[in-house]
Amino acid sequence: MCAQTETAEIDSDRDATTIRLDDLTKRYGNVTANDAVSFSVDAGEIFGYLGPNGAGKTTTIRLLLGLIKPTAGTADVLGADITDRRALTEVKADIGYLPDSLGFEERLTGQQVLDYFARMRGDERRAELLELFHPPLEKPVETYSHGNKRMLGIVQAFMHDPELVILDEPTSGLDPLKQDRLHAFLEDERDAGKTIFFSSHVLSEVQRVCDRVGIIRDGGLVALEDIDDLLERGGKDVRVHLAEPVDEKRFTTPAMIDVETVDRTVRFTYTGEANALLGHLVRFDVEDVEIADPQLDDIFKHYYGDSTPGETG
Amino acid sequence: MTAILRLESRKRVRGSVVLIAVFAVLSALYFSMFPGIQEEMDVFEDAFPEYMFDMFGIEQLHTIEGFIAAEIYSFFWSLLLAIYFAYVGAGLIASDVQDRKMDLTLSNPVSRESVVLQKVAALWVPVVALNVGVPIIVYVGALVIGESFNPVALAMVHLLSIPYLLVCAGIGLVLSVVVDHVRRARATALTLVFVLWLVDSVSRVDPDYEWIGTLTPSRYYEETDILVHEEYAFLDAGLLLAVFLVLIVVATVVFTRRDI
């Protein structure tokens with residue numbers, strides 16, 4: 001997919017591609033958790049890995065970290081083949097990882113947990129990170145809320161200043177303020193040259209922070225797109241409640257798809273710009289309006305069909 | 001890279017302290033009983049059927065060495081402590097895999113071999129704590145009731161028990177890398193160690209079947225021979241140590257090849 005020229009210097013070759021998956025496949029009996037997934041993540045980008053829960057995102061991540069072995073295909077992470085255990089172990093000094101479910105030693109305090117990871121790979125950025133994300137370090141982890149655990153996880157993932165950080169649903173459990181803070185932090189890291197692999201099932205946050213996105217569904221990669229293309233395809237779920245019934249033809253614009261009218265309520269997916277939508281709505285007697293992120297599954301159905309996943313983009 | 005060793009060692013402290021306390025209480029109990037029942041031990045020895053003594057390897061109950069060998073070492077040390085080591089061994093890997101701690105551990109630049117070895121090495125805490133604490137308690141206890149223990153034999157009954165306890169931990173460790181659920185790993189390990197001990201004990205009753213016990217680890221650690229006869233089977237201990245090393249190798253090989 002992403003052909004590298006043989007003439008390129010080895011260093012720059014390695015610099016350009018941080019992660020490369022080549023037909024990576026993982027089967028559990030009859031279940032195919034990852035089906036010949038291929039894509040590359042370039043250095044210095046935030047790569048979104050988007051898919052509904054159970055699509056196989058965590059499987060890909062665990063394959064990349066060597067926690068599970070591929071059934072077929074292979075992948076490189078920071079130049080190390082994931083089937084070469086020794087090489088992969090070495091490059092892990094430059095990898096940060098925030099798992100979806102955080103297994104900390106529950107009886108230790110947050111401070112002790114960070115000390116433990118610091119002994120294995122350093123903590124030169126610990127103080128700086130703790131200014132942004134501040135879990136109660138003096139308390140045992142078993143008393144932590146979801147959000148506090150997630151913050152502790154973020155600190156441990158970044159504190160050794162890794163080149164590549166793999167985040168699996170990093171905002172789950174974080175309050176909106178902390179989510180914004182994380183998003184801004186990730187953008188700063190990207191600008192500083194770090195590579196972020198960002199797995200999520202939330203379309204809007206991927207749209208917000210990622211540069212490119214791979215979409216996975218039922219274990220297969222269905223699309224690999226620049227974020228601008230995805231933004232066009234994304235759209236919003238809109239529900240408008242009008243003061244009186246309206247003629248659907250008069251109300252509908254080309255940017256609206258899947259329009260459903262029931263009495264005085266119109267539901268549709270809006271694929272245009274927010275300004276245009278608001279400008280359009282003020283011409284009607286609107287009692288109430290709801291604008292929300294569409295369900296990921298709906299988007300998949302719209303854009304990638306319901307049947308066999310095939311690569312686009 | 002000793003972060004895992006440090007953490008695991010720390011986790012073993014509480015259990016070790018509790019066990020020393022248990023042995024202190026047991027010792028106090030038996031030492032306080034001994035002066036009163038020493039005279040009646042001959043009667044006691046006659047009253048019980050011979051196979052009871054064969055099963056537990058009991059001899060010379062009227063001497064302090066025989067009494068302590070029978071009461072503390074042949075049961076609490078050889079069985080309960082063995083079960084404790086099997087239990088701990090079975091939790092070493094399986095519990096971290098089950099609650100996803102292993103994902104985070106292995107995201108560090110640390111090999112799976114190193115994880116296993118550091119976790120096993122942390123067993124130094126209960127091994128040292130119990131084998132220093134308990135003999136001191138027993139030795140002082142004997143002095144308090146006006147008896148005296150051969151300190152060399154006492155040291156040996158502990159030293160030679162270490163390979164035996166490690167084999168039990170090794171059995172647990174192998175189950176820990178094979179079985180995903182920590183409760184099942186622990187239950188299997190302690191059942192297995194108990195059954196092996198029972199097979200050894202029962203097979204001693206009939207000389208025709210005594211050979212069956214040669215496949216059990218407890219056959220290679222004879223507390224009564226050490227304490228009563230001052231016979232130190234270094235070769236048997238070496239054999240146990242070799243088995244322990246084989247179990248570690250097996251566990252490591254399995255763990256490095258499996259998905260977690």
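Backbone N, Cα and C atoms are what each Cβ position is placed from, and that goes for glycine too.
According to TrEMBL:
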- B:12-33: transmembrane segment (TRANSMEM)
- B:75-94: transmembrane segment (TRANSMEM)
- B:121-146: transmembrane segment (TRANSMEM)
- B:152-175: transmembrane segment (TRANSMEM)
- B:187-205: transmembrane segment (TRANSMEM)
- B:232-255: transmembrane segment (TRANSMEM)
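When Cβ distances are compared across the two stretches, the transmembrane segment (B:187-205) makes contact with the transmembrane segment (B:75-94), since 3 or more pairs at least 6 residues apart fall below 8 angstroms.
Counting only same-chain residues 6+ beyond the ends of the transmembrane segment (B:152-175), those with a CB under 8 A from a CB of the stretch are 65, 69, 73, 77-78, 81-83, 85-94, 116, 120, 123, 127, 131, 134-135, 138-139, 185-186, 188-190, 192-193, 217-218, 220-221, 223, 226-227, 230, 232-234, 236-238, 240-241, 243-244, 247-248, 250-251, 254.
Residues of the same chain lying 6 or more positions beyond the ends of the transmembrane segment (B:75-94) and with a Cβ under 8 Å from any Cβ of it are 8, 12, 15, 19, 23, 26, 56, 102, 115-116, 119-120, 123, 126, 130, 134, 161, 164-166, 168-173, 175-177, 179-182, 185-186, 188-190, 192-194, 197, 217-218, 221, 223, 251, 255.
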